[in-house]
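One structure is given below, encoded as structure tokens.
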Amino acid sequence: MEDRGICPRVLQVLFLVVLILISPVYAAKNDACTKCSCNPKGMVSCFELQEFPPLATFPRNTTTLHVSFSGEISIPSDILQHLEKLKYLTLNNNKIKNIAKFRVKNGYSSLITLSYTHNIIETIENGAFDDLQQLTQLDLSNNRLKEFPIFNKTSSVTKLYLRGNPGITKLPRQSLGNLPSLENLFMERTGIQEIPAGIFRQNTRLINLYFNKTKALERINEDAFDEDSSLKTLVLDETSVTSLPSRGLKNLHFLSLKDVPNFWQLPELDSIREVYLSPYNGFLCCEFESGEKYGKDCTMQKPSTEENNGQTTASSPTKEPATSGLGGGTHLSTQPHTTSGFGGGGFPGGGGGFPGGGGFPAGGSKTSTQPHTTSGFGGGGFPGGGGGFPGGGGFPAGGSKTSTQPHTTSGFGGGGFPGGGGGFPGGGGFPGGSNTSTQPHTTSNSGGGGFPGGGGFPGGGTPFTNQFTIPHIPNVHQSTADPPTLIPHSNHTPNGTQFHQCSKIPVQCVPKSDAFHPCEDIMGYVWLTVVSFMVGAVALVANLVVALVLLTSQRRLNVTRFLMCNLAFADFILGLYIFILTSVSAVTRGDYHNYVQQWQNGAGCKILGFLAVFSSELSLFTLVMMTIERFYAIVHAMHMNARLSFRKTVRFMIGGWIFALVMAVVPLTGVSGYSKVAICLPFDVSDATSTAYVAFLLLVNGASFISVMYLYSRMLYVVVSGGDMEGAPKRNDSKVAKRMAILVFTDMLCWAPIAFFGLLAAFGQTLLTVTQSKILLVFFFPINSICNPFLYAFFTKAFKRELFTALSRIGFCKFRALKYNGTLSSFLYSRSRRHHSTVNAEHSTPKSKHASTMSLRQSHQDLYRKESKTAESLNGICNAGFNAHEETRTSPGSVRYVRSLRGVTKSSSPPHLKLQKQKILQSPS
């Protein structure tokens, strides 16, 4: 009987031993912690899973689940029913294709953060996140979503990441309306085309909005944001928007519009503090550089004072909450839009502690030097810290310290401040504290935990004075700064006297004005505008007169006159360039930065630049041809075959026109374009091709003027030395050579400085600013167009003859036309004959009077036929014609007129004319 009792007991013991031995093996085979890394504090990290472990095998205290690089796995929709304490679920870098609706237990879920980044998600079940009432952060970045996730119920999401989903093309009004707590919306690299009216009407807490690299975005409706919008950050880099709404941006602090090709005008932004633009529209910063426009920052608060050594000092103004921190005293840096917080109100409680070890949002993140970028890295390695999420300083930032750069925030929250404790060793922090880089508007989370143990500052906060120093904390920078200038405004309310304190903060706008984009008018100085306007007007009139006179002349067109016509045309175009440029400068004075797109980047500047380069090159080529023509005429006067024929001259000038046209067209192709500076000249030497073009242009011009100088030096030497020329030709050519030398040296005076400074600038040795260059290029450059018509036309007798002849045709300057045409002697002779005939007629019989009149007519007809042999004499006689019958009736007036002619022609007539006049006047009646 005893044996029978012993055997079963032995078997039972053996069974229990075997069960004890195999149970760990069985459990290990099915336990999630064998496939994943489990932390006693409730953190589970899984990598490269083939299938998702059974939910029942996860620790019941799991608060953080991190699954990545696990291929195409399926996440059970009831995961939150089994893991009731789960707060942070990150499923990044997998191959998940869809998201089913999450089921929760008793309508409640503890999930705070959900991340699905870098998957291949295409569809999300309708209302998939509706039951996640505690969800504050949802990240669906870098997937293949084709539409915005649908929210059928009001959600508590504050941060929504949808970047990297180009299939999302519309913003659904219903879904956004169910996100009233939304503060940050990240829509970078999506396919959104328009921000419609009233789309953010329910999102009154929206602070940060990112659409950068959304190239499809072309329009923001004027009513996209409500008047009471809280939007502070708007990033539109690399989009296609052309304007911003004038309403709903009154609280905007940060605006980025880099690489937005067609954006040319900023609306009124009362509270703006930072603006980032591209170099081609950086002129918009001129509105802020003047110092007349500031950002405003006003808060209403009750006055409070503190007694300190018998002195009453106003307390520091209460600012708006820190950008990435809740509560906590804030320290205002001298840089605009910066905030630094140190824990929550006196640094109680720990801070960030999730989740350590990197990942999303693991351990915090470190931001690169590029703006608006974030990269995750592992948590800190200090013992003890990190505990408790969100804990005192906790989420979203256990306190932050702002760097000296504008709009940057760095956190030093997390365990380690008093009460911090608990958590995983080296916990890091999500979002924990953040350490901001030196680049504007960047954030780096450096892990929450970090400083050992508790202790630290007492609760309650520390009052700030006008200038204060942060108490020494290990591994934390010290900072001393002054708050912005305060402008108090009293306002009486039923609760007591309150007042507004406004900080007047200068706006930081990037890029700053540079040498090629100064914040000034087109011409820079007022006096330069006035003088250049007069220069342009005179050049226009003078060269137009020269061209009209030469083209309407009845003389044969020879080589010299042909070259003069070309030079007058070129100088007229250059005068037109100066006249238009100064006119535009006068119209846009004081407000040019609002006209840059219309003028400098428009067709007007390109056309004007083309005219400037074309006219200058054509003028230079024509001067070279005129110099060569005079050189052969003077130095090789005896060699008739060596001179330029009219046909050769025309061919050369056709080549000159082609050269000038090519040089003017090149900048229109993008090589050293005309839009670099406001005066529309090819200043751009940013690449090798542009530098080569500018250098070639200046070298050709320099070589041309050196050649002209050499030829004229030879001509002057021959004229002065006499050579083999006869006296008369020598005297005539001497005058011509000296006149042409003055012309060329005047051109040299204008061109030499331009060539010198231009070549140095083309090769990187800039000695003048753009403003100084305007004086050189716009004031001295067109002097040629004024000098040339006077030097080669108005100061020569030949041109005076042409001018007065042309004027006589329309009834002006008839007598001077007779003088320069050489017909004045014939005119005086005929007048004298008529005078004597009239005197004799007074004493003769009617028959003799008739004979005298017939004789006078016959003499006049003979004289008319004689003078009509040449066109010039015919022109002079016709313009000075008279009626013999009328003269006989007005003999006293004729006598007086002849007497007046004596005095007029006494000193100006040649000797043979004087002798002829004396004979006529002394002849008997």
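Keep in mind that glycine also has a Cβ here, set from the backbone N, Cα and C atoms.
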Exercise. Which one of Asn491, Asn495 shows up in Swiss-Prot with the note N-linked glycosylation site?
Worked result: Asn495
For this session: From the list Asn152, Asn821, pick out the residue that Swiss-Prot labels N-linked glycosylation site.
Result: Asn152
For this session: Compare the topological domain names that Swiss-Prot gives for Ser553 and for Gly811, and report whether both residues sit on the same side of the membrane.
Result: yes
For this session: May I ask you to name which of Asn61, Asn732 Swiss-Prot has annotated as N-linked glycosylation site?
Result: Asn61
For this session: Residue list, the topological domain 'Extracellular' (585-606) vs rest of chain: Cβ under 8 Å, 6 or more residues beyond ends.
Result: 264-265, 280-281, 283-284, 286-287, 519-523, 526, 529, 533, 668, 673-675, 677-678, 680
Exercise. Under an 8 Å Cβ to Cβ limit, what residues of the same chain, 6 or more beyond the ends of the transmembrane segment (652-673), are close to it?
Worked result: 562-563, 566, 606, 609-611, 613-615, 617-618, 621-622, 625, 644, 682-685, 689-691, 693-694, 697
Exercise. List, by number or range, the same-chain residues at least 6 past the repeat 'LRR 4' (156-180) whose CB is under 8 A from its CB atoms?
Worked result: 117, 129, 133-150, 186-193, 195-196, 198-205, 210, 216
Problem set entry | Helix, strand and coil totals (DSSP H, G, I; E, B; other) for the repeat 'LRR 3' (134-155) | 0 helix, 3 strand, 19 coil
Exercise. Using DSSP, how many residues of the topological domain 'Extracellular' (674-691) fall into helix, strand and coil, respectively?
Worked result: 4 helix, 0 strand, 14 coil
